[in-house]
Amino acid sequence: MQKVLGRIQAQVLRSRATNALANVVRHEATSSRTAAKPAATSKEFRERQVRFNIKNEQTEGRPLYLDAQATTPMDPRVLDAMLPYLTNFYGNPHSRTHAYGWETESAVEKAREQVATLIGADPKEIIFTSGATESNNIAVKGVARFYGTKKRHVITTQTEHKCVLDSCRALENEGFKVTYLPVLANGLIDLQQLEETITSETSLVSIMTVNNEIGVRQPVDEIGKLCRSRRVFFHTDAAQAVGKVPLDVNAMNIDLMSISGHKIYGPKGVGALYVRRRPRVRLEPIQSGGGQERGLRSGTVPAPLAVGLGAAAELSLREMDYDKKWVDFLSNRLLDRISSALPHVIRNGDAKATYNGCLNLSFAYVEGESLLMALKDVALSSGSACTSASLEPSYVLRAIGTDEDLAHSSIRFGIGRFTTVEEVDYTADKCIKHVERLREMSPLWEMVQEGIDLKTIQWSQH
């Protein structure tokens, strides 16, 4: 046991040094806006970062990681906060008769305050869950079912996360009416269309803050204002936005908000649901049990995970401006490097109303899966990790009007807190190299080079 704890302690110390070095690298790169000085330092940082894992095992040779929308690495400072509650402080936070329960309950309540502070809420409005998927299910199904005797209409969009869409389909099977609003070509909703869709039967509008595939940021403040004026509850899936962009549930008139721990450098298996108390939002719980979390989510709160989520929330609030500058710098660098070297590269989604850490590009005349296979030394994806097993083109890209060929050629680049200049440059250069190689093998690319408009060709069917 002592050897294990010794290895963990050594890893924590090593992680602290790594994180401090990363902060220095980010500061130098952001202030100078050049890669000259940070490039050498970031190489040293990367070597330190991937050399050991928590078990003190060597991990050299793993791919670079640019898939921050799927998940983020846990911040070492979050692990520091969690470790005592994985070892010494193991009491059940709901045990009110002894010190073991009291000390753990105190830690959970502190975490609740940290999450609430991040979004401008009251701690009593924070419900701990297993993640954003559960939070979305509770919010969408819970509100609809509670008010279902009088209101049977729910509004969402065609580009929501799959768990929201599937929750809405489940409600349709129960007899509810659901309107799936289309989005504009830039991925944003039409506010006038939303206003016209709300009726006296509408109980809930559920629209995500930042899209997990194309990074588009919806005007949640305007949506919230509209919903409040029409006395309709507004839920937003903010898993990709919390901790990355400023959010205030009161200023934005948000009634319910879903949060994920592992999207903000916290642990997996924990999330939160913000539920407004004034004006009060009523929910029907989707599971039965001991009535924990204000009776809305039964089950023992996992104290170590809750503590980790709280620590991640506090760090995100403290470093949000700093992280934004770093992510913007790297995202612009990646986009400029690729688009200046390759023609026919299309950015999917609005270029301004966006979170730059999620950059979705389509490379015309290249099959996206082929490009991903060629970039095997970089961890990337062609869309949501929750639907990555499907070979069908992204439903989000189809919803914004992207044709099937371009949808199949899309790659999502996820940039985060610990991404380095060297990683971005390496990825861009590899991407350019392989796109050029794959296009040389494409007869369609050859025809385009000869000036042939492919849209004018009548293709024969075989």
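Along the chain as shown, the residues are counted starting at 1.
A Cβ is built for glycine as well, from the same backbone N, Cα and C atoms used for every other residue.
Going by what Swiss-Prot states, the pyridoxal 5'-phosphate site holds Ala132, Thr133, Asn212, Ser260, Gly261, His262, Thr300, and the candidate of Gln192, Gln193, Gln240 recorded there is Gln240. Around Gly261 (pyridoxal 5'-phosphate binding site), taking its Cβ as the centre, 33 other Cβ atoms fall within 10 Å, counting all chains.
Put plainly, the binding-site residues Ser260, Thr300 were compared by Cβ crowding within 10 Å, and the winner is Ser260. Taking the recorded positions His262, Lys263 in turn and counting surrounding C-beta atoms within 10 angstroms, the largest count is reached at Lys263. Lys263 (N6-(pyridoxal phosphate)lysine) sits 7 Å from Gln240 (pyridoxal 5'-phosphate binding site), taking the C-alpha atoms as the reference points. For Ala132 (pyridoxal 5'-phosphate binding site), the count of additional Cβ atoms within 10 Å of its Cβ stands at 28 [all protein chains shown].
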